[in-house]
Amino acid sequence: MNPNFSSMIDRYKHQQLRIGSVSPQQISAWATKILPNGEIVGEVKKPYTFLYKTNKPEKDGLFCERIFGPIKSGICACGNYRVIGDEKEEPKFCEQCGVEFIDSRIRRYQMGYIKLACPVTHVWYLKRLPSYIANLLDKPLKELEGLVYCDFSFARPITKKPTFLRLRGLFEYEIQSWKYSIPLFFTTQGFDTFRNREISTGAGAIREQLADLDLRIIIENSLLEWKDLGEEEHTGNEWEDRKVGRRKDFLVRRMELAKHFLRTNIEPEWMVLCLLPVLPPELRPIIQIDGGKLMSSDINELYRRVIYRNNTLTDLLTTSRSTPGELVMCQEKLVQEAVDTLLDNGIRGQPMRDGHNKIYKSFSDLIEGKEGRFRETLLGKRVDYSGRSVIVVGPSLSLHRCGLPREIAIELFQTFVIRGLIRQHLASNIGVAKSKIREKEPIVWEILQEVMQGHPVLLNRAPTLHRLGIQAFQPVLVEGRAICLHPLVCKGFNADFDGDQMAVHVPLSLEAQVEARLLMFSHMNLLSPAIGDPISVPTQDMLIGLYVLTSENRRGICLNRYTKCNRRNSQTKRSDNSNYKYKKEPVFCNSYDAIGAYRQKRINLDSPLWLRWRLDQRVITSRETPIEVHYESLGTYYEIYGHYLIVRSLKKEIIFIYIRTTVGHISLYREIEEAIQGFSRAGSSDT
């Protein structure tokens, strides 16, 4: 990472960050520093961390102060001190140890590098599926793995001169004919000459092939092949048709990958490393615990392993010219495996473990997953003015309201309450206001109520998979320690009331509050953004509640007709059930009397009753034949239907209409009626 990366983000206010491959020159530029004496530092050459006698970082080691900066601000390795930021202080580097007089926070972003003795493929681009290297080269992954890990070699096609292997024709026959012939040259002193002229193996062979690629030609050829395959007719052979389909999918991926490299100005050979970046030491610390013992990040041990093997390979290539070629290639394979373990431990099979049989955490383990660098500290970090609690159902709440516990509300809105106390001259300063809040004086809750009326809150349930995973609500104070939520908004959150937790946030800026009110309120998000269907629909407990509310006694009107003394029916009831006691169905003039009787426990929720209805002809539009007709002495008569009866006068005029219903039906009807009237009032006020 660039040493000026943090200041660059602050200066330009960048809103995004892109991660990708970089060139060896860029890695060197990030890590290299030039001392006043002209010495260039930045390369980590030694696998050591601290000197045990002095407890100071080893020079050119993994914690070197010359490379990564001073441990203490303004103090070099010699102990000299300079004032940071004072331009009069000269020099800015210690002439003895070469440590720069700078803030120690530089050790959080100053990088180093390891100069690899042989090219090494980046295991993410080779082993992750789909393999980018295999896609670009259009070769089987197993073949490339065998080449990278020195299991076999390629004859160099780059030279037009007649080579020994080409003259002997060893590469024109089966693999067995040359697989055992090349090692005959490995024990000679001219192995380097032989290797540079005749064969290509290891990650260097991959790098050469990637460097020779022309991405535009790859796109053109892949497109032509894709069109040719599309013009072919189906053979009728399912296996062949699938094979053609897979090839077409591969060509599409290859073209997209080549376009991505062209669009981002990334060279394919950068997927093979020549310089290995070394993380800043503060990101892989060594901590001293009780008893003088040291705890080190696993990354340090993996870096040490890479440096040990790389230094061994360097010695074999430089000091011992008579080293057998098989030993050199074996050491190159060890370097490749060490870098693989550093980047992604276990990607090639059995992961590397320490002496306690614990798996080392590689670079991939540090950044991926829920506890990785991105999700834990960059994306999912804790923020101020937020809380978290279990959600419970709040059936009495409006759709756009949520119940906030007092304990959470007073913490979230504490600064606003303090300002309110001071403005109303109820507290002289912040300390007095906090004291009143701790003592939970009644005036505190009154001011809190006023503050909450003007501040929406945001509720979020992880994982936030779509925009309805976070919605705005108007908070109201509730007792207890759980957040109350209207059950109709649960589908958008994919939440239920079996122990789910939700986070609550307070939008502070004016822009955030406007966005919450205009776009994020729950009553404004009634449709699914994906398919447009209603998302605030009754489910689960609400459906059961509606069923119970609208269920009624199963006896039916035919078994208990409206009659003051139907002895035949009552005798039938008594014969069927000895415990049955006939009760005449009550009659009510309005719904308020019926609900009042239910609250007084004179009737049940599902008890059938007769309710006088307003003269609404819609209930008798069906030309239904009455079940019974009862005549009174005064000439009035009753027409009894399935669920209603009509009282008519002698002139056949309708006097009253009674409907047969239950208290549950009445309650549901009143709720629907109030909702319709509310929408009507809202519509009339808007117009």
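Along the chain as shown, residues are numbered 1 onward.
A Cβ is built for glycine as well, from the same backbone N, Cα and C atoms used for every other residue.
Feature annotation from Swiss-Prot assigns Zn(2+) binding site to CYS76, CYS78, CYS94, CYS97; the stated evidence is sequence analysis. The feature Mg(2+) binding site is assigned by Swiss-Prot to ASP496, ASP498, ASP500.
Positions of the features from Swiss-Prot, shown on the structure.
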residue : record              : DSSP class
CYS76   : Zn(2+) binding site : coil
CYS94   : Zn(2+) binding site : coil
ASP496  : Mg(2+) binding site : coil
Which one is it: of the binding-site residues ASP496, ASP498, ASP500, whose Cα lies the shortest distance from the Cα of CYS76 (Zn(2+) binding site)?
ASP500
Cα-Cα distance linking ASP500 (Mg(2+) binding site) and CYS97 (Zn(2+) binding site), given in Å to the nearest integer:
58
Using C-alpha positions only, work out which of the binding-site residues ASP496, ASP498, ASP500 is nearest to CYS78 (Zn(2+) binding site).
ASP500
Neighbour-count leader, CB within 10 A, binding-site residues: CYS78, CYS94, CYS97
CYS94
Residues satisfying Cβ distance under 8 Å from ASP496 (Mg(2+) binding site), sequence separation of at least 6
CYS490, GLN540
So for ASP498 (Mg(2+) binding site), how many other CB atoms are inside 10 Å of its CB?
7
Quick note, CYS94 (Zn(2+) binding site) and ASP498 (Mg(2+) binding site): C-alpha atoms separated, nearest Å, by 64
State which of the following binding-site residues has the fewest other Cβ atoms within 10 Å around its Cβ: CYS76, ASP500.
ASP500
Residues within 8 Å of the CYS76, CYS78, CYS94, CYS97 Cβ centre (excluding the Zn(2+) site residues themselves):
GLU65, ALA77, GLY79, ASN80, GLU95, GLN96, GLY98, VAL99
